[in-house]
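Asker: Encoded as structure tokens, here's the structure I'll be asking about.
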Amino acid sequence: MSWIPFKIGQPKKQIVPKTVERDFEREYGKLQQLEEQTRKLQKDLKKSTDADLAMSKSAVKISLDLLSNPLCEQDQDFLNMVTALDTAMKRMDAFNQEKVNQIQKTVVEPLKKFGSVFPSLNMAVKRREQALQDYRRLQAKVEKYEEKEKTGPVLAKLHQAREELRPVRDDFEAKNKQLLDEMPRFYNSRLDYFQPSFESLIRAQVVYYSEMHKIFGDLTQQLDQPGHPDEQRERENEAKLSELRALSIVADD
């Protein structure tokens, strides 16, 4: 919040105790930080879910591209492996979409609804600040007449200024009290509000990765060939690559 210094019409009397101002700034500062954190969390969740969807969609595309490779027509074993991969990737994509939908419904949407409260809160703070400006202006006006010689016209103006001040002062004090009462309550409510959403986020991730463990466990059983550990496959690939490098069309000049 921007606190505007007033050099004209400032009362000499301290109309708002410094402790009250400090309490107000502290509570409002906490809500400003909460608003920023809520906005950041919402953006980060969107980035995360977008990245998750892009990953699983890309995995499905890779398996489809492999299925259209001529090698699948020439080698039945390779076709079986790629078909198993394609099935696994499509299952992964389906569970991923389900996870993202769950997060959208139980986390992102509640975040949006929570964030929609802050504009009204900020407007209430602005109304309180405007009431404070009016209070200061009229208090300074009252003090000006109190310092003058008590003639009839001055006393009349002083009485009028005090009458003008009373409802403005009451309005400010009501707005100030309401905000000081409700801002801490709103801030503390975040725990009860967000806890179900964060629990849902954790559960969605647990369910998803449990399913991924099953999917890739099944895929591993289908793809594993007895007697062909990863080290042996790596040696075979290196041997084949050496043969390719020996061809005259790729030999170094």
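Note that Cβ sites are derived from N, Cα and C of the backbone, with glycine treated the same way.
What TrEMBL says about a protein is an automatic prediction, not a curated fact.
As annotated in TrEMBL:
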DOMAIN    9-232  domain 'BAR'
COILED    24-51  coiled coil
COILED    121-148  coiled coil
REGION    221-240  region 'Disordered'
COMPBIAS  227-240  compositional bias 'Basic and acidic residues'
Asker: Same chain only, please: residues at least 6 beyond the ends of the coiled coil (24-51) with a C-beta under 8 Å from a C-beta of the stretch. Say none if there are none.
Answerer: 1, 3, 100, 103-104, 107-108, 111-112, 114-115, 118, 121, 125, 176, 179-180, 183-184, 186-187, 190
Asker: On the 0 to 100 scale, where does the mean pLDDT of the domain 'BAR' (9-232) fall?
Answerer: 92
